[in-house]
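Taken from Swiss-Prot as is:
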REGION    1-294  region 'Homomultimerization'
REGION    1-403  region 'Ncore'
BINDING   Lys180, Lys194, Tyr259, Tyr349, Arg353  RNA binding site
REGION    295-402  region 'P protein-binding 1'
REGION    402-498  region 'Disordered'
REGION    403-494  region 'P protein-binding 2'
REGION    404-542  region 'Ntail'
COMPBIAS  440-468  compositional bias 'Basic and acidic residues'
COMPBIAS  472-498  compositional bias 'Polar residues'
Amino acid sequence: MSSVLKTFERFTIQQELQEQSDDTPVPLETIKPTIRVFVINNNDPVVRSRLLFFNLRIIMSNTAREGHRAGALLSLLSLPSAAMSNHIKLAMHSPEASIDRVEITGFENNSFRVIPDARSTMSRGEVLAFEALAEDIPDTLNHQTPFVNNDVEDDIFDETEKFLDVCYSVLMQAWIVTCKCMTAPDQPPVSVAKMAKYQQQGRINARYVLQPEAQRLIQNAIRKSMVVRHFMTYELQLSQSRSLLANRYYAMVGDIGKYIEHSGMGGFFLTLKYGLGTRWPTLALAAFSGELQKLKALMLHYQSLGPMAKYMALLESPKLMDFVPSEYPLDYSYAMGIGTVLDTNMRNYAYGRSYLNQQYFQLGVETARKQQGAVDNRTAEDLGMTAADKADLTATISKLSLSQLPRGRQPISDPFAGANDREMGGQANDTPVYNFNPIDTRRYDNYDSDGEDRIDNDQDQAIRENRGEPGQPNNQTSDNQQRFNPPIPQRTSGMSSEEFQHSMNQYIRAMHEQYRGSQDDDANDATDGNDISLELVGDFDS
């Protein structure tokens, strides 16, 4: 039997790594469009600032094609480079498009009509066509300019410092909209918190803030252009310098890159952090064994992908689908339950997915609450802690946990309650019990008339829900709350694996019956000792 299990472990790992074989066929080269990118060989701040505004207008233009916008983005992202023509070669590594570099020397009469280099093959008609694109600004932009301040384009940027100020401000906004361009394009393109952070740090000048519509158009252009995202990935790798003496631009790119790394892989890394990182004995459940092998294979698979693995979402890599939490739903549900107790930042993460198992989520919550005072034996041994030190630490953690709660009440962290999150009465030292019974859900739309009776009346609401008068103890007590709260079994010295597994099975069965009892009194509660039925209780989508 052991040989079968070892073979299964090797098979699971090989199944994830087999796509990395060296004998895989070379993909067929597809037809590539030609993208024209304007570059400047001199460092004149006046000409470079004009090229910056020209590229912004091409991105906003009503009549510009996707290739025009991609070329304008590449030129915009290369403006800080002293040698734009050489820097743009990074985009030539992309298999998505062919890059045509067009050298220009300036603009005619402070307009958006470019002056091509003498060696350029750009015709006069093409020059006039690009000028028309730059002038065709959408009506959704106020004052026919991408900036909030309508006189920014009239400024004279005759100093390098002034040009770099506007250049870095615009580029940082482009990098900010990149953070969610692939994972959440329906949300506002710019995070208010990120904008406030970089303005406070002096990396974005408030005078050069773009209009929200301009930020949205830049995000759409980045989302639709694979070659631009390839170029930005190369820039992110260049910013990962081990030296602390980096130039200002790449220091900013490296900072914003932390928000882009592992985008779309939050479920995988949070499962590793809270599910495996805590190393609590609940992981010994037999139901977790198969998914633990899957997580082990995924960790090896991630390491084999190299440094580009952090940007799989930005690169639209199909390998990102290997790491979705639906491949390990029980471990994911258990880890999310732990995370909601230990980390307040988890409230900002949308973990309520269709594959979230309620019972294992509850198991994670109960485990985290009962293990908050537990001591890691390995770390305690390294620190030389005695048994008295461990007991004192556990007591301190328990006091701190109770002191943070309202007196005589325990919070409910029900992820399925939505806007109806509430507190349930109970003693401060009791373990709270989740109640998914919809009869206990407070409603605000069940009134007798459309007049003054629709105003929320706490006393009437309490009587309707059989909760007594406001300020009085709750009269409605479910059977679940009256039942005992079994402690999570702990594996003691001398306990065999079978005994510990049997104890955990009994605990899961008790939890299951406890939560299900209030929903269906006629349900068949008879379960086999070796086969625990974990059914979803209630409607998750409600």
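Keep in mind that glycine also has a Cβ here, set from the backbone N, Cα and C atoms.
Structure coloured by features recorded in Swiss-Prot.
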residue : record           : contacts (Cβ under 8 Å, 6+ apart)
Lys180  : RNA binding site : Gln187, Pro189, Ser191, Ser263
Lys194  : RNA binding site : Ile176, Cys179, Ile256, Tyr259
Tyr349  : RNA binding site : Gly266, Leu270, Gly339
Arg353  : RNA binding site : Pro325, Ser326
Three-state secondary structure, Lys194 (RNA binding site) (per DSSP): helix
Residue counts (helix, strand, coil, in that order) that DSSP gives for the region 'P protein-binding 1' (295-402): 80 helix, 0 strand, 28 coil
Longest CA-CA distance among Lys180, Lys194, Tyr259, Tyr349, Arg353, per record bound to RNA, angstrom: 27
Conformational class of Lys180 (RNA binding site) under the three-state DSSP mapping: coil
